[in-house]
Amino acid sequence: MPEKRPFERLPADVSPINYSLCLKPDLLDFTFEGKLEAAAQVRQATNQIVMNCADIDIITASYVPEGDEEIHATGFNYQNEDEKVTLSFPSTLQPGTGTLKIDFVGELNDKMKGFYRSKYTTPSGEVRYAAVTQFEATDARRAFPCWDEPAIKATFDISLVVPKDRVALSNMNVIDRKPYPDDENVVEVKFARTPVMSTYLVAFVVGEYDFVETRSKDGVCVRVYTPVGKAEQGKFALEVAAKTLPFYKDYFNVPYPLPKIDLIAIADFAAGAMENWGLVTYRETALLIDSKNSCSSSRQWVALVVGHELAHQWFGNLVTMEWWTHLWLNEGFASWIEYLCVDHCFPEYDIWTQFVSADYTRAQELDALDNSHPIEVSVGHPSEVDEIFDAISYSKGASVIRMLHDYIGDTDFKKGMNMYLTKFQQKNAATEDLWECLEGASGKPIAAVMNTWTKQMGFPLIYVEAEQVENDRLLKLSQRKFCASGPYVGEDCPQWMVPITISTSEDPNNAKLKILMDKPEMNVVLKNVKPDQWVKLNLGTVGFYRTQYSSAMLESLLPGIRDLSLPPVDRLGLQNDLFSLARAGIISTVEVLKVMEAFVNEPNYTVWSDLSCNLGILSTLLSHTDFYEEIQEFVKDVFSPIGERLGWDPKPGEGHLDALLRGLVLGKLGKAGHKATLEEARRRFKDHVEGKQILSADLRSPVYLTVLKHGDGTTLDIMIKLHKQADMQEEKNRIERVLGATLSPELIQKVLTFALSEEVRPQDTVSVIGGVAGGSKHGRKAAWKFIKDNWEELYNRYQGGFLISRLIKLSVEGFAVDKMAGEVKAFFESHPAPSAERTIQQCCENILLNAAWLKRDAESIHQYLLQRKASPPTV
């Protein structure tokens, strides 16, 4: 890693007790005026106050010691690099309390951070702007001068001076609305005092919105704010929120601490959502659901995001991490419990199986790289904080908490959580504090086990072989770090304390044995296992490790895939482990292709989804060869039996997962050019465009993708026209994500130009360019060239937030030629993107790994596919 920038936390000699803050945004010339009166405590005598401040001009500042004369600051020294300001005073501020008064002005920027402007169109078609906030991690300082560190908590009294026809919201409920002296079109809206809280969770919104409301059964007022005229689309999220608050109250055994909670859809929004206390902000697509035009996966996404953000109201907001090093606790925990909550609200989603393919396998893919990082990372400078909002903090964090919850058991886990939240409420805590509470509740060595998962990067590969000894099965286990580049070589292999579960075919859904593997090698005896029974490690794919079986053990597990006697999440885990072992060169890819063919009878959506992902990775890899068509044939062979069983139209009694599976399978077949699927997609698309028969929301993505990939300029024009006409952001995004499927070079250029046009919201440009890069071999080259040619504009647009990392990852990770890694590295050496440094290193490592994989296995894969064609397998 590059050397760290020098960084110091704020001095502790002066700290805030309460911020009284009044802001007056100007929605026409994009500026705001602010007045801060902060009750502060001087702990030791000083003649200066150091605070965070960025892109703000201070007009006057003074300090009034309690019962004494006002002292005016004589100098404001801005340290822009460090986003700090030092206020100097002509005389010493003595220990005690007083009031710090600051008048300042700032800009409503268009960078989706701090106090920023968000563009929307009124129902009559007029373009207007709302003023909204996004402060996490370090951008409250762009809205008002403050002590912008999570551990410096205070209470807030906020008032907003706004046009009287606009909605004004903040963390707390409105307590007063009064006319503003100088202007009859303006009102001052005053909000109740907040509890003690961190600056990054403060929020305000000024704009035009409709809302739907309800009361949860604990009496909390819940509202969902939507764009004007779309209140109906807030009902689904409202229902989820109203069910979720009582669920968390019972789970944590701590009541929701505020009188109200608002969930609001913001047009221009960089993240998915932000858990501001009492005023949670969302992208429109993470909150709005339309009964006709929203697909099943959107509903599920909204339910998960609502569950995630509401969990933070306790875990993060009531108890906050002491410093960004512990961000993972916040995010990992919320990313785990969102699934628990959705499983409670929607048991029919089978959401825990989906967790494995959405979070667990994604985290393992990243964490096998040499350029991964431990869950706990010491961070200082704001640009380093941005960098840790990645799959390690969220997905690996969630996965190790899932493993921990399984190891402790739900009852003791809840008990420990309650101890933690009660002990630290309105305060700050570190990772060790949670371990201590869970250890107290469970009596297990939580800290010792968990430190091996959070303080070192990576995870183990458990190698297992078995021997039948009379009526028992003797297992030999050994652990080594799993590396994406192949077997671990090096001295001092890191070790983990691994909770291991073992099941057998006698009772595939329950553990026959649970052990804690706390050394490099272990022998285990399973009593009373018949010679013809299989033995499997990692029941439910809960432990954060991969398993490599001896060939005899693997042979005996494979029939369990075909006859479905292995549970779905175990079938998924087995296939995913084999695929990653092949990627790492530990086994041959052909072995995995043979296993994939055993999934012909598979009924489970998530298992197919993971299989589909892995075949997609392989397809991308083989697009660098001259037998790309052969792998498409393989995809068609694997997917057509299930495609035929499902057909195009929902059957009576089908549910959420059937809809997801149908979309997945038809999209896969259509993309691979399956003749019958392509013809039907074209027919239905034509009817849709002509308004004869509108496509159901669940079929739109697969149909759009199929007709575009096998279409021409006219198809692309129709899609862009549909995009223009779409009233819902979800439909616009759906189209944006598939535009890259188009194949001809000039149409690809057209799509790339479209990505930067006014038609696409800034946060969505990334998925258009990413779609081009992932769409075809030519698209990959074109997207990379486009990023290089438009770098200034793109970088300026995202100013180092995590969208820039996502853009880079999506556009270069498909390359598989050594020299491309050098080219990517060189480009970013001359065009630095500090918050994406680690992502860039990971991408270069992945390109080299792809190239090695291709060199190693391309020939044998080709031979296998040819030989398969010559003698098709009997199913």
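Cβ atoms are placed via backbone N, Cα and C, with glycine included.
Caution: TrEMBL annotation is automatic and unverified by curators.
Features of the protein shown, as given by TrEMBL:
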type	residues	note
ACT_SITE	GLU309	active site, proton acceptor
BINDING	HIS308, HIS312, GLU331	Zn(2+) binding site
DOMAIN	16-201	domain 'Aminopeptidase N-like N-terminal'
DOMAIN	236-453	domain 'Peptidase M1 membrane alanine aminopeptidase'
DOMAIN	534-847	domain 'ERAP1-like C-terminal'
SITE	TYR394	site 'Transition state stabilizer'
All-chain count of other Cβ atoms within 10 Å of GLU331 (Zn(2+) binding site):
23
On the 0 to 100 scale, where does the mean pLDDT of the domain 'Aminopeptidase N-like N-terminal' (16-201) fall?
96
Can you tell which of HIS308, GLU309, HIS312 has the least company, meaning the fewest other C-beta atoms within 10 angstroms of its C-beta, among these recorded positions?
HIS312
Rounded to an integer, what is the Cα-Cα distance in Å between HIS312 (Zn(2+) binding site) and TYR394 (site 'Transition state stabilizer')?
13
Cβ neighbour count (within 10 Å, all chains shown) around TYR394 (site 'Transition state stabilizer'):
23
Other than HIS308, HIS312, GLU331 themselves, what residues in this chain have Cβ atoms within 8 Å of the centroid of the Zn(2+) site's Cβ atoms?
GLU275, GLU309, ALA311, PHE315, GLY316, ASN330, PHE333, ALA334, SER335, GLU338
Nearest of the recorded positions (HIS308, GLU309, GLU331) to TYR394 (site 'Transition state stabilizer'), judged by Cα-Cα distance:
GLU331
